Amino acid sequence: MGNAFLLQGGDCAESFKEFNANNIRDTFRVLLQMAVVLMFGGQVPVVKVGRMAGQFAKPRSSDFEEVDGVKLPSYRGDNINGDTFDDKGREPDPQRMVRAYCQAAATLNLLRAFATGGYAAMQRVSKWNLDFTSHSEQGERYLELAHRVDEALGFMAACGLTVDHPIMNTTEFWTSHECLLLPFEQALTRQDSTSGLWYDCSAHMLWIGERTRQLDGSHVEFLRGVANPLGLKVSDKMDPAELVKICEILNPNNKPGRLTIIVRMGAEKLRLKLPHLIRAVRQAGLIVTWVSDPMHGNTIKAPSGLKTRLFDAIRAELTAFFDVHEEEGSHPGGVHWK
């Protein structure tokens, strides 16, 4: 453990109306910028996983939404129904899954081109970071770090690792999304002819959400049968014994890299609950990657009605996550952003 760090991020949910090359490029670019800083500061490789090319479906706490006395089915993501608050918009439409598939395929093709076509060149990413520090008040505090990264690249170029070297102008980039809409996932599951293993080809990595992680649930049953790397969202409601059982179901061979536990609790609850989960997993001899999602547990509603997060709350949960792992002697393996 500790040989790499996971950086996972992207939109809370992709949409049809915001689908364009510039949005995809900008998300990819931000993740690359974050990865360079993490790689330089942590001195380990950063595994970059986009929360994109399939992140459409939204888990909802309520089946219905009420506005001004009108009650309609909840919006469940563009691959199920629409966000307009009327009968037609909220009616589920199977053709939306076809459109989501086409958009995901187009997104994946564009990401592949960005990752291997020179856009991800290390010198280019370093220049983006330098531009950020030079043209924003928030970026000034990172100016020294950006210059240190630039100096390191200059040293590497002097050693022969120039922009022409493949390792300097391409990168590996993976995709992920929540495994929520099972008919969509099942339609894209294929058997590898060489190994005989089954893979959900809708993404490289899939995760189970807090609301669908029941031991006897269909989502756990589906994902235990595919060979993809898996994630498991965990809140303060997770019981240590239940976590051990889910881990054993999803990763019966205890294979390193198979299972990532994505913790989302809020800072105060995390300091109380996470140590017990870490100890239970360790005592069971299970191999997992611990990742922090400091976004979900800190969601608040702004006066405008939009959901948002306070930066100080996000930072507090991240700090708590690293503090707990240091106290428990375990390894903080990554971060998950929205």
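Yeah, the Cβs are placed from backbone N, Cα and C, and that goes for glycine too.
TrEMBL entries are annotated by machine, without manual review.
Among the candidates ARG25, ARG76, ARG258, ARG264, the residue that TrEMBL names alongside ARG51, GLU210, ARG211, LYS233 for the phosphoenolpyruvate site is ARG264.
When the Cα atoms are compared, ARG211 (phosphoenolpyruvate binding site) and HIS296 (Mn(2+) binding site) turn out to be 13 Å apart. Distance from the CA of CYS12 (Mn(2+) binding site) to the CA of ARG264 (phosphoenolpyruvate binding site) is 14 Å.
Each of the binding-site residues ARG211, HIS296 was scored by other CB atoms within 10 A of its CB, and the lowest score goes to ARG211. You'll find the Cα of ARG51 (phosphoenolpyruvate binding site) roughly 8 Å from the Cα of CYS12 (Mn(2+) binding site). Neighbour list (CYS12 (Mn(2+) binding site), Cβ cut-off 8 Å, at least 6 residues apart, same chain): GLN55, LYS58, LYS338. Binding-site extent for phosphoenolpyruvate: residues ARG51, GLU210, ARG211, LYS233, ARG264, maximum pairwise Cα distance 18 Å (rounded to the nearest whole number). ARG264 (phosphoenolpyruvate binding site) carries neither a helix nor a strand DSSP state and counts as coil.
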